[in-house]
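Step one of this worksheet: look at the structure below.
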Amino acid sequence: MGPDGKKLLNIIILGFGFMFMFTAFQTCGNIEQTVIKSFNSTEFHGSGYTSMAIIYGVFSASNLIAPSVVTVIGPQVSMFLSGILYSAYIAMFIQPFTWSFYTASVLVGIAAAVLWTAQGNVLAINSSDSTIGRNSGIFWSLLQFRTVFISLTVISLVGCFLFFLIRKPEPESSSRSEVTESLLQDESLNAGKISVTREMLLLSVSIGYTGLELTFYSGVYGTCIGAMTRFGSDAKSLIGISGICIGVGEILGGGVFGLLNKNNRFGRNPVVLLGLITHFVAFFLIFLNIASDAPLAPEGGTDLKAFITPSVGVALLCSFLLGLGDSCFNTQLLSIIGFTFRDDSAPAFAVFKFIQSIMAAVAFFYSNYLLLHWQLLILVIAGFMGSVSFFAADWVAESRKRDSDYDSI
């Protein structure tokens, strides 16, 4: 197997590892608030939204130290140990206690920062300027392949062990080898420098939007569907089906947009624009179909309706559109960050996850208090601003590339 084949195999293994882990964790997140409501009738007292807010808040802060951790113990061991903590968090739902529930949330937040920083490093090392878009699409589509907490724990552990199959690619040249060896040096300092570059400042608005909509599709929307008593007695069972529809949208988007990036004929901006339109359609249909008090409804659900007769088909269509739009944004963000900050991939992806996770934490916090229509309004405004800022960042990145190519002639 040649160097390119080995790198592609590494990306596929990376994608499958994350697929197994986040099949478990995202399914857990989708049903967490609903499950926690049932536990609250016993000695246990907690909030799924609060737990996720803690996870993403700690995640954000831990990105400051994550590059240094990856430097010391290496990306493979970093991902493996982080995956163990994810698995422990999922296993805790077998018999939760209030103190352990929130303690585990803190530990998973730390693990998430290390895991995603290591992932960005592996993705960048195994990609070139011509393959970063394709590899981002492959990774994202495999990640989104998404039922009982014991089974989820086993699946997550399988993902942990897959990380040890990733091989170190052969260096293309001595200069590239030197870049690779120095990639993880002074990461915290580099992260600070990267965070104030023009490209990252522009991208931060787009990244922040992905954090907000991550909270919505992974935690809030499933809870809303399960709370709609007008969907019938099986409304809570629709949460899992909604997660499947989100996953189908993610997989389709990741695969298609990965191929588009491989050909590099259309650029990143049309894909982001498609994602924005897809999300706006989904938000409008959710506004019409789901009762405004659904995110805050008690365990018994809500009997209210929005502006149309609640439809299960429309609700699941919105789940698919949320997944498709999310893949549009994330594949292109992974692509442009890997393209723009190739020689500083670990700190760049740490900044990416720092911004995304802190906005996700904010969204999980306000999800405890805001009615659905206010949450949708926030998403619409943030989505529009994020798309415009992405267009500007992509223009800056492409302009610098053209200037660099011109100077090298």
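Using N, Cα and C of the backbone, Cβ positions are placed for all residues, glycine too.
Automatic prediction, not curation, is the source of TrEMBL annotations.
As written in TrEMBL, here are the features:
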TRANSMEM  6-25  transmembrane segment
TRANSMEM  46-66  transmembrane segment
TRANSMEM  72-92  transmembrane segment
TRANSMEM  99-118  transmembrane segment
TRANSMEM  138-166  transmembrane segment
TRANSMEM  200-218  transmembrane segment
TRANSMEM  238-260  transmembrane segment
TRANSMEM  272-292  transmembrane segment
TRANSMEM  304-325  transmembrane segment
TRANSMEM  346-366  transmembrane segment
TRANSMEM  372-393  transmembrane segment
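In this chain, the transmembrane segment (46-66) does not touch the transmembrane segment (304-325); fewer than three CB pairs sit within less than 8 A of each other, excluding pairs fewer than 6 residues apart. Among the recorded stretches 6-25, 72-92, 99-118, 346-366, 372-393, the one sharing the largest number of Cβ pairs closer than 8 Å with the transmembrane segment (272-292) is 372-393.
Only pairs six or more apart in sequence are counted, and the transmembrane segment (72-92) with the transmembrane segment (346-366) gives fewer than three Cβ pairs under 8 Å, not enough to call it a contact. With a cut-off of 8 Å between Cβ atoms, the residues of this chain six or more beyond the transmembrane segment (372-393) that come close are 199, 202-210, 212-213, 216, 220, 224, 268-269, 272-273, 275-276, 279-280, 283, 286-287, 290-295, 329, 332-333, 336, 363, 366. Remote same-chain residues near the transmembrane segment (346-366) are listed as 49-50, 52-57, 59-60, 63-64, 66-67, 70-71, 109, 112-113, 116-121, 123-124, 183-184, 187-188, 190-191, 194-195, 200, 203-204, 207-212, 214-216, 219-220, 333, 337-338, 340, 375, 378 (criterion: CB distance under 8 Å, separation of at least six residues from the stretch ends).
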